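*Asks:* To start, I am sharing the structure in question, which I have written as structure tokens.
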Amino acid sequence: MFPMVTEFMNYGQQTVRATRYIGQGFMITLSHANRLPVTVQYPYEKLITSERFRGRIHFEFDKCIACEVCVRVCPIDLPVVDWKLETDIRKKRLLNYSIDFGICIFCGNCVEYCPTNCLSMTEEYELSTYDRHELNYNQIALGRLPMSIIDDYTIRTILNLPEIKT
């Protein structure tokens with residue numbers, strides 16, 4: 001055949017292929033048109049987090065035995081544990097415990113490997129501040145329990161469950 005005819009046939013095939021791809025994308029767009037919006041109006045509405053959500057760490061000072069397992073299993077050696085050895089009872093006494101949430105990656109290793117369960121993950125995820133030094137929590141700040149989203153009457157909670165198609 002003539003080169004001009006084969007180029008015209010290739011152009012026609014490319015046009016049909018491009019039209020098919022555009023049509024497929026348009027059909028996907030149309031399939032999303034009848035769904036509910038997934039956007040949450042944040043300050044006034046909040047999603048209820050799952051039970052296994054890894055939020056801010058809660059620390060119970062009385063349970064800690066200063067074994068430093070949390071520091072050893074942390075990938076970035078983040079928790080700072082200050083202790084003093086009591087020679088008369090031959091045990092460690094915890095003086096200070098702090099975590100910098102500006103550096104923490106919320107992996108949960110410290111919670112998982114703690115032998116006394118003095119660490120736990122909460123549902124609190126609003127940790128933003130204007131000063132990064134405010135993200136360094138000591139044992140007093142870590143000991144505060146967060147206000148539950150469900151108990152706050154000023155916020156409409158939205159349960160985040162997967163939709164069941166019928």
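Yeah, the Cβs are placed from backbone N, Cα and C, and that goes for glycine too.
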*Asks:* With CYS104, CYS107, CYS110 listed by Swiss-Prot as binding [4Fe-4S] cluster 2, identify the candidate in CYS74, CYS118 belonging to that site.
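*Replies:* Answer, per Swiss-Prot ([4Fe-4S] cluster 2 site with CYS104, CYS107, CYS110), from CYS74, CYS118: CYS74.
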*Asks:* May I ask for the distance between CYS110 ([4Fe-4S] cluster 2 binding site) and CYS67 ([4Fe-4S] cluster 1 binding site), taken between their Cα atoms and rounded to an integer number of Å?
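*Replies:* Checking the Cα atoms of CYS110 ([4Fe-4S] cluster 2 binding site) and CYS67 ([4Fe-4S] cluster 1 binding site) gives a distance of 12 Å.
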*Asks:* Give the nonlocal contacts of the domain '4Fe-4S ferredoxin-type 1' (55-84) in its own chain as ranges (CB under 8 Å, at least six residues past its ends).
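*Replies:* Sequence-distant neighbours of the domain '4Fe-4S ferredoxin-type 1' (55-84): 49, 91-101, 103-107, 109-125, 127, 137, 139, 142-143, 145-146.
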*Asks:* Mean pLDDT for the domain '4Fe-4S ferredoxin-type 2' (95-124), as a whole number?
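*Replies:* Across the residues of the domain '4Fe-4S ferredoxin-type 2' (95-124) the model's pLDDT averages 94 on the 0 to 100 scale.
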*Asks:* Starting from each candidate's C-beta and looking 10 angstroms out, tell me which of the binding-site residues CYS70, CYS74, CYS104 has the most other C-beta atoms.
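*Replies:* Within the set of binding-site residues, the most crowded position is CYS70.
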*Asks:* Which residue counts does DSSP yield for the domain '4Fe-4S ferredoxin-type 1' (55-84) in the helix, strand and coil classes, in that order?
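*Replies:* Summed by class, the stretch gives 5 helix, 8 strand, 17 coil.
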